Each structure stands twice: as structure tokens, then as C-alpha cells.
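Pulled from TrEMBL:
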{"type": "ACT_SITE", "residues": "S64", "note": "active site, acyl-ester intermediate"}
{"type": "ACT_SITE", "residues": "K67", "note": "active site, proton acceptor"}
{"type": "ACT_SITE", "residues": "S124", "note": "active site"}
{"type": "BINDING", "residues": "K237", "note": "substrate binding site"}
{"type": "DOMAIN", "residues": "34-257", "note": "domain 'Peptidase S11 D-alanyl-D-alanine carboxypeptidase A N-terminal'"}
Amino acid sequence: MKKIVRGLFLLVIVLSSVFLFLQHHSNHTALFGDVTSRSIMLTELATGEQIAEKKAHKKIPIASLTKMMTALCVIESAADLSDTVEINEESLNRLNAQGMAISGFAPNVPVTIRDLLYGMMLPSGADAAEALAEYVSGGTENFVGMMNEKASELGLKDTHFSNVVGYDERENYSTAADLSILLSAALTNQLFKEIFTTQQFVSQPTTNYPQGVFLESTLLKTGESLSFGNGTILGGKTGYTDKAGLCLASLAEINGQLYLLVNCHADGEPTSDPLHIMEAKKIYQRLATELAE
């Protein structure tokens, strides 16, 4: 009799575990159904709870989401954000020829480190990223070493950097899960959070632009609203390359709570519908609906 009772007890435990697994899988499907993003991680910022994921531990190219680590390393290393550095004209011409996003600052003109950080994160300026790496460590190679050290410090086991911009290179990769950890850590830095959640910014006056340089987040340039039913996307970093697809790391508020979403490799390209942003809104809205039930 005792064996029968024990067997029934174990059966109940097994069935309960299966039910919880299926329930979690059902929620996963409900949140991510009909989205094209191939790698996704959704977490609650305050607790770090992983709400749902989709191939979040698969190593993938991450395009300009790389610049989140570039920004964090600059902020933590720069002694004085009011120091100035010039964008190299040769580098700027090379980046333009490659079709890379640029900040809008003129070459050979002193620009503050703070302004270059905004120029790197809002319009995703590759020129600003390279200039900042040069300022901090004398070159991109040394700076990439700092980025990988920081990745190790944060426990990003499936992440490696080989450049500061996000070029499609074999050794520049991460996962949606690791990027979520990186963003969560970076948001504890007040300046990073300020930049990450800024949508428009005007730099200090320069000799070429006495009124300052107007910088706008790539989130806004798509024309897609950042609001959804019960919340809004507060900020984010976009990215795109042929191999990475459309990528987005974002912070949203839903009923007073903050959530992080990393969704990578959405279909499309910069000139098509901004599916990375549209799908992020869809996932956040579904989460809001689920939380309200």
C-alpha cells in the first residue's frame, strides 16, 4: 500500500512538472507567436526574472548592439567626459564608403566625449565609436580587449567582440540572453541610462555648428510610435547588418514596472518596415495583457 501511495505521489509531482512546463511553453508561444525575430529574451529589470525566451542562447551576429558594450566601456574608463577628441577624416570617409551609420559631426573638429557617446548611441555613429575607442585606449584593438574583459566580468560566456562598431565578423557575436545581462548591468550606470533613454539631443556648439549638432535616436527615424496599449518603450539601441538582420535591445515600462527585451534577426532591412520595433511593441503589449489577467 505504501508503495502505491508513494508511486501516486511521484506521479502527481511528475504531472505537475509537465503541466508547469507546458504552461510556460504556452506563454512563450503566446508572447512570441507570429514574430519573425529569431532570437529573443524578455526579462523583468528589477528582479532579473527571465519571463520568456526564444533561442536566446544561440550565438548570433549582433550588428550595432555591439555599441552598448562600447559605450559602457567608454563611460567607465573616461576620466573627463568634457575632454575633446576629433573624428579622423580618413576614417569618416572609409565608413561613408562602407555605408555605415555616422554621427553627423564634422571631421577634424573637437567634440566632447559626452557628445560623441550620444552620437554613437542615438544615430548609431560608427565614426563616434571609433573615435571614442581611439581616445580611451589608443586604438580599436586595445579597446576591443577591454570589451572582452568586461564581457568576462559580467559572465557573458557566449559573447566575444572583435570590433567596436558591430561589423559582421566571425569573432564578433553574442546571444540574446547575454545582451540582456549586458543591458541590465549597463542601465545601473546613470549616464548610460540617460543616453539609452534619450530620443533627441543637441550637442555642445562646435566651430562648424554654432547651434550644436542635432542627434536623433534611430528608434524615431522609422516613424513607428514607441507607445503601446498599456505602456511605452523608453529607449533602445537598434542594429542591422545583412547577417544580423534587424535587431533591437529595448527598455519598456508597463504599469510602472520596467522590462528589457532583446529581439534579434527580425526580417527586413533599414528601408523596409521596422519589424524589430513593431515586434517588440507586440511582445510588450502581449505581456501587458497577460499581466492584467
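Cβ from N, Cα, C; glycine included.
What you are looking at is a predicted structure, and each value in this text was computed from that prediction instead of being measured.
Features per TrEMBL, on structure.
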{"residue": "S64", "record": "active site, acyl-ester intermediate", "DSSP (3 states)": "helix"}
{"residue": "S124", "record": "active site", "DSSP (3 states)": "coil"}
{"residue": "K237", "record": "substrate binding site", "DSSP (3 states)": "strand"}
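Each residue contributes its Cα atom, and for the residue listed as 'substrate binding site' and the residue listed as 'active site, acyl-ester intermediate' those atoms are 8 Å apart. In this structure the alpha carbons, written CA, of the residue listed as 'active site, acyl-ester intermediate' and S124 (active site) are 7 Å apart. On a Cα basis, S124 (active site) lies 8 Å away from the residue listed as 'active site, proton acceptor'. The Cβ of the residue listed as 'active site' lies under 8 Å from the Cβ of S64, K67, A101, T218, K237, T238, G239, each of these being in the same chain and 6 or more residues away along the sequence.
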